[in-house]
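Here is what TrEMBL records for this protein:
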type	residues	note
SIGNAL	1-27	signal peptide
DOMAIN	32-356	domain 'Sulfatase N-terminal'
BINDING	Asp40, Asp41, Cys80, Asp290, Asn291	Ca(2+) binding site
ACT_SITE	Cys80	active site, nucleophile
MOD_RES	Cys80	3-oxoalanine (Cys)
ACT_SITE	His143	active site
Amino acid sequence: SAMDVCLIQTLILFCSLICCFWADTASNKSTPNIIIILMDDMGWGDLGVFGQPSKETPNLDSMAAQGMLFPNFYTANPLCSPSRASLLTGRLPVRNGFYTTNAHARNAYTPQEIVGGISRDEILLPQVLKKKGYVNKIIGKWHLGHRAHHLPLEHGFDEWFGAPNCHFGPYNSSDRPNVPVYNNSQMVGRYYEEFGIDKKTGESNLTQIYLEEGLDFIFHQNMAQRPFFLYWAADATHAPVYASKRFLGKSQRGRYGDAVMELDYSVGQMLAWLRALGIDKDTFVFFTSDNGAAVMSGPKQSGSNGPFLCGKETTFEGGMREPAIAWWPGHIPAGTVSQQLGTVMDLFSTSLSVAGLSVPDDRLIDGLDLSPVLHNNTLINRPIFYYRGNEMMAVRVGPYKAHYWTWSNSWEEFNRGINFCPGQEVAGVTTHTQQEHTMQPLIFHLGRDPGEKYPISAVTKEYQDALSRITAVVEKHKKGLVPGVPQLNMCDMAVMNWAPPGCEKLGKCLKAPKSQPWKCDWPH
């Protein structure tokens, strides 16, 4: 059960009084702790520091004031599973296998019926950190495959509390089981059963449980004087959004805002805990989101992408540009805004650099080591690639972004009321059929036009100069691109979460249907 929130605050206060006496002895300066806080479908425009009018993220805003804010930070794919695979491997989804070839430019992820998942050939961040004695824990959503050989403890994590899939449901167990919640390698219950989510009221204690798990892990690793990597991947801002009773009804932004307030509170508690334990200067913390806000779920179940076009599932800025804050007192200058183009893949290379480790040299790593940016606010010249499935849709070089393909979502979905760009249709840009622009890309200047509303005229010198710079980058990228084996092509009802490890102890094993694999259909 979750620790009472007031108790957590009391503990932090108590620790801050006693821990200063032994903070120096518990320090592991040569191998700093690493915490990556990953939100789910939280948009760039959800933070007060980026101008959200209700100003309901005081802890994140203060984290930015004490650290470094990245207004130009991107995910590797506008959907949950591929972006998470990229964070942990430092590689584009087209390289690490988190894409589909069943149809052109399709977003694909890991629902219960997916056969694939993270490949054993990929090297994940926690596997490398083990070389330096790090203890690694994931809390929350994994989403890189749910069959036994794909789970976190098989890929470098020592501990896990959370779920392999999204908290969709509740399901009828005869045709589809509810998603299990794991403690390490054993399931300890299921969503909507032992771990309640009230879809009518939006109440759930999951974020509180995840917070308690995080504070507990930090405390125990610090007591044992072991460096740790905590990957805190809460999912309350993914529809159906939820919050605990203390936060329900408190936001000006409805239930979604309540979830944001609770997550903001949780981040504040974790940073306060690090200070109370005297290890804030020995802990590198990075906050970001897996993709843009899911505006197709809005407005009640979705966040804001600020001034950017469209949202989740698209390669417009609203789908790919993420809120991002780096925090490391005494190492990262406070109150800095970096104009560096960053990506979630950089967290792989940067975390290894922070730990004093090298990136694997037997494969192409797309992420950069941002240490020089963090310490000196230097700028590293680099492009951003916007992929949707197996297609490079767009590229950003400096302030310029060139679209080689445009597509929001299909007419079939759109006519059913599913809109990836509600209220933001831009003629010839947010197209409902896949439009190819490879002969004459649509180019935008994101400084002047962050909303991608005004393509630069192809007859201007500015267009020609931007295109020649971008073309060189694209040619180099495509020349060295060797796609990985696609993991998201096959589906089978028999592989769903019928009988996860540990189900027999709970008497919760369900009978799987006969295996009948088929090619997954990805409409988006």
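Cβ coordinates are placed from backbone N, Cα and C, and glycine is handled just like the others.
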Of the binding-site residues listed as Asp41, Cys80, Asp290, Asn291, the one whose CA lies nearest the CA of His143 (active site): Cys80
Asp40, Asp41, Cys80, Asp290, Asn291 excluded, remaining Cβ within 8 Å of their centroid (Ca(2+)): Met39, Met42, Leu79, Ser83, Asp235, His238, Ser289, Ala294, Lys312
PLDDT averaged over the residues of the domain 'Sulfatase N-terminal' (32-356): 98
Under 8 Å by Cβ from Asp40 (Ca(2+) binding site), same chain, sequence gap 6 or more: Cys80, Lys141, Ala233, Ala234, Asp235, Ala236, Thr237, His238, Ser289, Asp290
